[in-house]
Amino acid sequence: MQPILTASQIKALDAYTIAHEPIVSIDLMERACRAFVAWFTERFNNSFTVGIVCGTGNNGGDGLGIARLLKEWGYPVRVWLVKGGAPESIDFKINLDRLKHLGGVQIDEITAAPECSIFSDEDILIDAIFGTGLSRPVEGVYTDVIACMNTARGTRVAVDLPSGFMADEPTTGPSVEARYTVSFQLPKLAFFFPSSFQYVGEWAVVDISLNKAFIRQAQTSHFFMDRNTARSLLRRRSKFDHKGNFGHALLVAGSLGKMGAAVLSARATLRSGVGLLTVHTPQAGISIVQTAVPEAMLSIDGHASVFAGAVQPERYTTIGIGPGLGKAPETVKAFHKLLENFPHPMVIDADALNILGENRELLHLVPKGSILTPHPKEFERLVGPWQNDFERLEKQKGLAAQLQSVVVLKGAFTSIAAPDGKTFFNPTGNPGMATGGSGDVLTGILTGLLAQRYDTLEGALLGVYLHGFAGDLGAWEKGMDSLIASDIVEFLSGAFARLGG
Ligand SMILES: NC(=O)C1=CN([C@@H]2O[C@H](COP(=O)(O)OP(=O)(O)OC[C@H]3O[C@@H](n4cnc5c(N)ncnc54)[C@H](O)[C@@H]3O)[C@@H](O)[C@H]2O)[C@@H](O)CC1
Ligand SMILES: [K+]
């Protein structure tokens, strides 16, 4: 699990590494430059013309070091130094001397608004004006240069951060809009937000061996999930286990015309290792569920088309509720009763969340240790609108604390907030999963894991990881455009097997 640190913590981490490795700061910068260049040369060969736009701080120093290394690799390189008042750092000056000493690279200064055509010969523009040192929105000549870079034809690649982009607060001023961002050592918090994609593009993190002990003990509530953690959370079965050890889940899902949601959830619950599964269905769903999911038992509602009746909660280890449920008045009443009577953690999704959003007085009945899985629209119905993604994250943590439950906010880098405020961003998954029924599959997986008495947070982390991983395996085989929710269920076993192996 990778901690996510703030820009000021990263500055302290740099300083700590320099003092304790020990390594002189210009050598650490050289390591950063080499790591960037290793990433770069894998993707772009030296037939591309490369323009490197540098500031005068350490981000600019990186740019100059990168210029020297790329020149040595045979790339046609040109450098612009943007001089708009930011101080010149020591390592910037050293790398400028080294570049001049190497020779063969044209270096021009920009001190006033340039003609944007200056960048028109460059196939690639490397952005090294500002990195983590940015402390306020950019102005003056920086704004002019950034505007020219954003309209230039070349592919923009940012060093550490796009210039103008804030790592730990909303970006309000102009920023480079990068196609790629190559960031040092750790991802920055804002990379995980949808509104950042416009600036950051696809991002990669390259290792520059900053002090691991410092990173481990740094105070943060934000983490990036990884495969090793997911692997360590997955429980192995033992020889004498029997189905009683893996719990009995109840799925309350589906209504007339939406029984497919129940089927997808049920199949995913089964594929996630539950001992026994019962599906509570209105009359309209009986033959559908029995035929499509023969492994599941039924609890049959008296109502023809929606969830309206009582279930016997004492029989179940956990309940997953919501997919395809609808919001009929009878369903609202029945859900209310269920919340009053079921004491164990539940998985609450889709229309069950919408019912909570419209009847917030029910929220206090959500059993502690539950998992809520809203997509952004459902989340907004629960907590109201937000100004920016940082505020959205705070609202997510707030809801998790209020309900003493885990809130899983679905999207690219699905975030998983625990009641204590810790939030985890998930790396797996792909845009092919933005398709109807994908969320129903996640509900099924989480229900299956909670039934097996996984700790709520661990179950949520593992389940979200597996869901995305299965989607990735599915997309590799079928392509993103063709991926459907049933494929995610199909590839779940592959995801479990690879994680367990
Ligand atoms: N030894 C280190 O500390 C390392 C730093 N590295 C690089 O150094 C970068 C951070 O460097 P710096 O701390 O020098 O900062 P930057 O190079 O990001 O910014 C330079 C300076 O600009 C000024 N400034 C901030 N906001 C401004 C604004 N809106 N308008 C004008 N000036 C502004 C500040 O004085 C800031 O220090 C990282 O992003 C990374 O690229 C890497 O080389 C790895 C090692
Ligand atoms: K930059």
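For all residues, glycine too, the Cβ spot is worked out from N, Cα and C.
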* Per TrEMBL, what member of Ser8, Ser25, Ser163, Ser175 joins Asn59, Asp127 in binding K(+) at one site? -> Ser163
* To do: Among Gly384, Gly439, Gly444, indicate the single residue that TrEMBL lists for the AMP site containing Lys410, Gly411, Ala412, Phe413, Thr414.
  => Gly439
* Asked: Any idea what the model's mean pLDDT is for the domain 'YjeF C-terminal' (226-499)?
  -> 97
* **Conformational class of Asp127 (K(+) binding site) under the three-state DSSP mapping** => strand
* binding-site residues near ligand 1 among Asn59, Thr132, Ser135, Gly411, Phe413 (Cβ under 6 Å) -> Asn59, Thr132, Ser135
* Structure fact -> Nearest by Cα to Thr132 ((6S)-NADPHX binding site), of the binding-site residues Asn59, Lys410, Gly439, is Asn59
* What binding-site residues in Asn59, Asp127, Ser163, Gly324, Lys410 place CB under 6 Å from ligand 2? -> Asn59, Asp127, Ser163
* Cα distance (Å, whole number) from Phe413 (AMP binding site) to Ser163 (K(+) binding site) -> 23
* Provide, as an integer number of angstrom, the distance between the C-alpha atoms of Asn58 ((6S)-NADPHX binding site) and Asp127 (K(+) binding site). => 13
